Amino acid sequence: SDETCFLVLGLYSPPTVRIIHSGHACNVEEERYTERVYTIREGETLELTCLVTGHPRPQIRWTKTAGSMSDRFQDSSVFNETLHIAKILRTQGGRYYCKAENGLGSPAIKSIRVDVYYLDEPVVTVHQSIGEAKEQFYYERTVFLRCVANSNPPVRYSWHRGREVLTQGSDKGVEIYEPFFTQGETKILKLKNLRPQDYANYSCIASVRNVCGIPDRSVIFTLTNRTASPSIKLLVEDPIVVNPSQTVSLVCITTGGEPPPVLTWGSSNDSLPQRSVVNGGTLTLPAITSEEAGAYSCVASNNVGNPAKKSTTIVVRALKKGRFWITPDPYHNDDNIQIGREVKISCQVEATPPEELTFSWLKNGRALRSSERMVITQTDPDISPGTTNLDIIDLKFTDFGTYTCVAALKGGGIPEISIDVNISSTTVPPNLTVPRGKSPLVAREGDTVELECLVSGKPKPIILWSRADKEAPMPDGSMQMESYDGVLRIVNVSREMTGSYRCQTSQYNGFNVKPREAVVELIVQYPPTVEPVFMEMRQGLGRPVVMTCRVLRAHPSRVLRFEWLLSNRLLHAGAFDAQRDETEYTVRNLNRDGLGEYTCNVINEAGAGKCTFLVTGKAYPPEFYYDTYNPVWQNKPRTYSFKLQWTQMNPNAVDRIVAYRLGFRQMGLERWWVQEIPVDGPINKGELMSHNLTDLIKPESYEVRLTPITRFGEGNSTIRIVRYSGEWLALLCRSPGEFHCSFEDEPICMFTQDKNDDFDWTRHSAATRDTKYTPNTGPSVDRTGSKQGFYMYIETSRPRKEGDQARLVSPFFNVAPKNPYSISNPPAYCFGFFYHMYGKHIGEFHQTSKGQTSSEGPVWSLNGNQGDHWKQAKVSIHPTSSFQVVLEGIRGPGIEGDIAIDDVTLEEGECRDPPTNLSSKVLFRSSHIWLLCVTLVMTLLEGQR
């Protein structure tokens, strides 16, 4: 039946954390000083789990550091208990931190270093040197073979010539060494003064000594008298000048090299254009654009000598950005154009290639040639962008008209650029003014505003807008914006845009004179910024509620009025007190009509700022307690029970909780089972409540939802997942309570075989036991007398030999005192089991030690053949922390001495009526491997046979 209990404990505790691993680890070096190293092969799955304790349940976050750079994960696993990285890459190695915090004390942080192991294919490169010895008149040709492979851990190399292993000193013509500056990263084979036998197949074997199961990798290089570094030739001009949309083909051929070189193409733009096509040594660029212009390189490599590289530059013809300016006579302090004075018209164009740029001038559509009074010049393209000037030395009335500058490229195929400049009596320099009433300009946040400068003059120049009061970007993000009509339009203006804006004439497409400028002030008004924007206020009926809305900033800062509303019903309104920055509303006695959403509007000329308060009697969610001792237990073969525990968040914030609504469903199914758990009396903060979920189907998981209920109604729910075995029994140790194991199920109650012993205990029943078993020893039935019942025993027949050990290890048992945070008097437990010791070779049982112990001494002893009967042993123990029980059997020289055990129990309290035919002593020890769990070791030793 379901059972609910309530217990007051100081359960709120800061977090603790530890990291365990369950992925494809090659090796995990546990605590060495403060370092834990997790070694994994590249491409395997990394899985780290962060086990936490603490109440309320701590929030978990995984972070990683790599060298001096810190980076956070961008995937969803960052806040999960388990960090899962499938197909890990070498770049994902580094130190991983698990951080847990629940608002109590300092966050708990643990880390582990992940070392990713890999071995790439080795690469052999060949270099040769030819030295001339003048006295002896001969050439010495020395060849160097260098082997390199990327790896972690550092690689070891070995060289073979054919099937012959080459070592230092094995051949006078061969020298093997590591360059000092790259020691351990490469291995060089030096062939001095090449001999005929040196022309052979050389293999370099790279090895990381099979760590993580990484096999050795090798590469073969064939050295012949034809071995040579690559050479290539480009069958194209340099540079290649083309028009846009043309298709360009670059052809690269090899002219030498053995082994045959491999050709690759590269670009000065980091990567080849997306539409480019590479076919062997030919690179094709269809419909080329100006953006694809640049240097293209063909590289040939065969790992002999240095790669060969040839480059060419593709130039795509283009004309763009045509501009002009008028320069009045520089010898007069007057910006106006006047008869009898000099005036210069300049025209500028960006041209590619610049040397093909040509200019021509027209006056009123007719060609104009350079003369003494009309001087046409062109700047050197190597000094400045293409510019042409028309100097009119002595301006006459007949010179008034339209002058056209025409820019073209010699190669043709590109449209010309024509720029018209009108010179007349109305050609006057610019002037800037701000229209009346346009500065200061007042706008509301979110409006669209137009800042305006009136520009006069002919021709009208482009206007440049920028911030005048500070070095700040314009609304589009640039430092300067262009306007052709003098208007700066800003959409969705914000409060940050308040300030001074400068409008200024540009020196192009107008007069080349000192820029004219003006300033426009922009003032952006915005509604009051208030806090809180939203606040939930939980309160019980009959209690007061005080709501405060505070003004942080506003423009204009003078707030006009405020109004309080409940569900759009006006409660209170008035003028805002200029001496205070807040307004307050009080509900003296909360009733059901007073529950709901309250709104406070604080209003100025620009609009209203809004504080929202949700007043509710809804109870806070419960906080599940995840550190329950022994939450899972079995009382039926196919089902299990789970002890659900929780505390209530802020239980006194609202009306008394009268019940909890419990809902649970099997994972993957839709149907919920719902029941109510009544609560008698008020709940205290930190009070631990429990409810037993029974008849849960093994090994299914369940989703559990818990909802507090007050006279207001339902509060906020909390959901958690309840799992069988895996999470609790395997990871968090087991609490004794009442433990009973008769070995009837195959999992044998989570007992495990020690991996460091010589042989295993065997699960058997008399009905299934081999008929050829050794006679005169071992049980014929289980402890209950059934031939179908199972038990555990050690089989001492061949191939077992004297001294072989078999150890059966229990699951971890947690010590569960009444107050888990204070152990002053260690609790007592009674460990019991039935044993069968029949056979003429049954000898003496004695104590043994397993792992590191704090002390040694006998555990349990019994002498002699006990007959063909099952008998019971009991031992009282007083552990101070978690512990295990180890049952050990050691094989003697005989074969008639099988020992069996059955019906293992562990109960709270001292042993009652222990059997009189045995003496018992108990040893406790701390195991540093299992989180300082105390281990009880029991030894069953077979005697002489």
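Using the three backbone atoms N, Cα and C, a Cβ is placed for every residue, glycine included.
The domain 'Ig-like' annotation in TrEMBL covers 15-115 (among others). For the domain 'Ig-like' (15-115), the number of residues in each DSSP class (helix H, G, I; strand E, B; coil) is 7 helix, 63 strand, 31 coil.
Residues annotated as domain 'Ig-like' in TrEMBL: 122-207 (among others).
If you look up TrEMBL, you'll see 230-315 (among others) marked as domain 'Ig-like'.
Taken as a whole, the domain 'Ig-like' (328-424) shows an average pLDDT of 90 in this prediction. TrEMBL lists 328-424 (among others) with the feature domain 'Ig-like'.
Taken from TrEMBL, the feature domain 'Ig-like' covers 430-521 (among others).
Residues or ranges marked as domain 'Ig-like' in TrEMBL: 528-616 (among others).
The domain 'Fibronectin type-III' annotation in TrEMBL covers 627-728.
Under the heading domain 'MAM', TrEMBL lists 739-913.
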**Prompt:** Using DSSP, how many residues in the domain 'Ig-like' (328-424) fall into helix, strand and coil?
**Reply:** 6 helix, 48 strand, 43 coil
**Message:** With a cut-off of 8 Å between Cβ atoms, can you find at least three pairs linking the domain 'Fibronectin type-III' (627-728) to the domain 'Ig-like' (15-115)? Only pairs 6 or more residues apart in sequence count.
**Reply:** yes
**Request:** Take a look at 15-115, 230-315, 528-616 and tell me which one has the most Cβ pairs under 8 Å to the domain 'Ig-like' (122-207).
**Result:** 230-315
